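What TrEMBL annotates here:
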type	residues	note
SIGNAL	1-18	signal peptide
TRANSMEM	46-67	transmembrane segment
TRANSMEM	79-99	transmembrane segment
TRANSMEM	127-153	transmembrane segment
TRANSMEM	174-195	transmembrane segment
TRANSMEM	201-219	transmembrane segment
TRANSMEM	249-270	transmembrane segment
TRANSMEM	282-302	transmembrane segment
TRANSMEM	314-332	transmembrane segment
TRANSMEM	344-364	transmembrane segment
TRANSMEM	376-396	transmembrane segment
TRANSMEM	408-430	transmembrane segment
Amino acid sequence: MLVTAYLAFVGLLASCLGLELSRCRAKPPGRACSNPSFLQFQLDFYQVYFLALAADWLQAPYLYKLYQHYHFLEGQIAILYVCGLASTVLFGLVASSLVDWLGRKKSCVLFSLTYSLCCLTKLSQDYFVLLVGRALGGLSTALLFSAFEAWYIHEHVERHDFPAEWIPATFARAAFWNHVLAVVAGVAAEAVASWMGLGPVAPFVAAIPLLALAGGLALRNWGENYDRQRAFSRTCAGGLRCLLSDRRVLLLGTIQALFESVIFIFVFLWTPVLDPHGAPLGIVFSSFMAASLLGSSLYRIATSKRYHLQPMHLLSLAVLIVVFSLFMLTFSTSPGQESPVESFIAFLLIELACGLYFPSMSFLRRKVIPETEQAGVLNWFRVPLHLLACLGLLVLHDSDRKTGTRNMFSICSAVMVMALLAVVGLFTVVRHDAELRVPSPTGEPYAPEL
């Protein structure tokens, strides 16, 4: 398993590098943005945002291992994960209103503080303290995925009056480097935890200086901004009306809830499946992130001028890959006949599918959901998503560990078949909808090459 993990990591990195180099050579030269004010503004944003993302990714490979290191039972670990998911959905519902009321800069600094406290709780072996840490982690996650983007968009448009067409280029570049940071974070976590012999708590301690630096840079370099608050009840009511009145939105929400709830369960299960066989967790995590990056690169190539596939097709492919991978896992985790290499390959396929799924889903959401109702609809999407994930984790250990794990993969397979049926339903509804197709790339619009 050790050799397999390192070989997979090197192979996936080489594949990603090859695809990115070929894409860069095939891409026609574009006009570079030479506006020094914009470049400095973007750099100020990236410095803080990338440090926050790096600190978040650094903790991911060893979370389950840390709880196991503290000798908690798997049922107790599942409760910790459920607490984190419940906290994420609870704070996610009010995060936008909180950020608008408190201020985007203050919210980003608050993220640094709460996530640092979350990391510090990992030094304790007290179960209640760890539960509090998971709740703080849920708040931090909600702030990470709301405050930073809201701050950037407001500053970009309102304070600096830069063209709105430059915003997608900034976040596309951020998404690419987010994958790169995740790959590097896995290697760094493996280095401090295993190679240096500091144990599974080391990545959490190492994340604290990154969070402190992110908060300090935001305080020094960022201005504050606010926005008019829309009543939470009105936001949810508008989102529910949109969800119920448009079958495309309802089907899209069903696919998201089913697919992403399975991904949350996968995040919980991969460590207990591979760790007993000597897998280097940090390298395995980096391999997962490299597979996801490979999927994102394949999405960009597939939707390019040369191939011109549609996001709806790639969404269908992503769901099919996950269905196949989960069927593989039901056999590779059979008690007494475990095959960790097959399980590892199945996990890599799931991450590859995620690299196809998330940009496809993002494109379809932008086209289907009105911009004014985005926040409300996404709130309604998150509720069944996290509820399904929590229920799955709670029922996971109703039998012995190995049997429970295999049964959970079987249940996840059934859930993904339901997601596939929802994809077929959506495909039937939108097959003649030109709005949901990537336009023929007859000419590339201006976007800054940064």
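Cβ atoms are placed via backbone N, Cα and C, with glycine included.
Residues 44, 47-49, 51-52, 54-56, 58-59, 61-62, 66, 69, 105, 108-109, 111-113, 115-116, 119-120, 122-123, 188-189, 192-193, 282 of the same chain lie 6+ residues outside the transmembrane segment (201-219) yet bring a C-beta within less than 8 angstroms of a C-beta in it. Relative to the transmembrane segment (344-364), the listed stretch 282-302 leads the set 127-153, 282-302, 376-396, 408-430 in CB pairs under 8 A. Note: the stretches the transmembrane segment (79-99) and the transmembrane segment (376-396) are in contact (3+ CB pairs below 8 A, sequence gap of 6 or more).
The list of residues near the transmembrane segment (314-332) in space but at least 6 beyond its ends in sequence, with Cβ under 8 angstroms from a Cβ of it, reads 255, 259, 262, 273, 295, 299, 302-303, 338-340, 342-343, 345-347, 349-350, 352-354, 356-357, 359-361, 364, 406, 409-410, 412-413, 416-417, 419-420, 423-424, 427.
Note: the stretches the transmembrane segment (376-396) and the transmembrane segment (408-430) are in contact (3+ CB pairs below 8 A, sequence gap of 6 or more). Per-stretch counts of Cβ pairs under 8 Å to the transmembrane segment (282-302) identify 174-195 as the leading one among 46-67, 174-195, 249-270, 408-430. Proximity of the transmembrane segment (249-270) to the transmembrane segment (408-430) is established through 3 or more Cβ-Cβ distances under 8 Å for residue pairs spaced 6 or more apart. Outside the transmembrane segment (127-153) by six or more residues, the chain places 45, 48-49, 52-53, 56, 67, 70, 72, 76, 79-81, 83-92, 95-96, 99-100, 104-105, 107-108, 110-111, 114-115, 117-121, 167, 170-171, 222, 225, 227 with a CB less than 8 A from a CB of the stretch.
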